[in-house]
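Below is one structure, written out as structure tokens; the observations come after it.
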Amino acid sequence: IISVSVLFIELSGCGVVFMGLSLSFLLRLNFTDPYYNLIAPEVYNYVITSHGLAMIFFFLMPVLIGGFGNFLLPLLLGLPDLSLPRLNALSAWLMLPSAVCFIISLWIGSGVGWTFYPPLSSFPYTGVGVDYLMFSLHLAGLSSVFGALNFVTTIFSSIFYFINTRVSIIVWAYLFTSILLLSSLPVLAAAITMLLFDRNFGSSFFDPVGGGDP
């Protein structure tokens with residue numbers, strides 16, 4: 001249990017926390033004086049995009065949910081391990097190729113403003129860096145889905161087994177968070193897939209002529 005938790009925290013937390021804090025510090029420095037642009041406009045777009053995605057997909061979800069959940073859930077439920085330990089290990093190792101794609105996208109350049117969602121994107125970018133970024137989000141989302149499935153399976157089997165005992169509110173929080181993740185991430189994956197098709201195969205999911213916003 002502890003080894004997988006440490007793996008989550010080491011792979012995602014140690015580097016990404018410092019990177020996210022550094023990017024946040026750069027943004028705050030740029031906000032201190034609106035008339036003095038500390039960062040060039042194109043670099044500013046990269047900083048905004050990478051900061052938001054790094055803190056959500058490489059810190060919040062893997063560390064706070066994956067890392068501490070792997071340690072806390074069996075401890076609070078009195079179990080030796082989660083129900084699906086191999087799925088848990090696969091969830092952890094999927095973060096490595098996701099992080100590689102993310103770093104490649106930042107190296108090439110994937111600045112699209114506050115969001116890469118086309119109707120709201122403030123800076124359209126046609127380079128391959130955005131495609132690497134989307135593949136990175138696919139892998140990170142798949143890792144989160146595997147972890148959420150493991151959490152839900154473990155909690156439900158334990159609750160039905162210890163039906164007469166009181167369950168900690170942290171366990172219920174992890175259960176509802178995992179259910180929300182399982183219900184929302186497929187929608188995000190479908191939107192990213194449609195955007196990949198629009199960018200590379202000439203489809204028109206996000207084109208107003210072809211139907212507009214799906």
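For all residues, glycine too, the Cβ spot is worked out from N, Cα and C.
Where the annotation comes from TrEMBL, it is an automatic prediction and has not been curated.
Listed in TrEMBL:
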- 18-214: domain 'Cytochrome oxidase subunit I profile' (DOMAIN)
- 7-31: transmembrane segment (TRANSMEM)
- 51-77: transmembrane segment (TRANSMEM)
- 89-117: transmembrane segment (TRANSMEM)
- 137-163: transmembrane segment (TRANSMEM)
- 170-197: transmembrane segment (TRANSMEM)
| said: Which sequence-distant residues neighbour the transmembrane segment (137-163)? Criterion: at least 6 residues beyond either end, Cβ under 8 Å. | reply: 53, 57-58, 61-62, 65-66, 69, 73-74, 77-79, 82-84, 87-88, 90-92, 94-95, 97-98, 101, 171, 174-175, 177-179, 181-182, 185-186, 188-189, 192-193
| request: State the non-local partners of the transmembrane segment (170-197) in its own chain: residues 6+ outside its ends, Cβ under 8 Å from one of its Cβ atoms. | output: 61, 65, 69, 72-73, 76-77, 116-118, 131, 134, 137-138, 141, 144-145, 147-149, 151-152, 155-156, 203, 205-206, 214
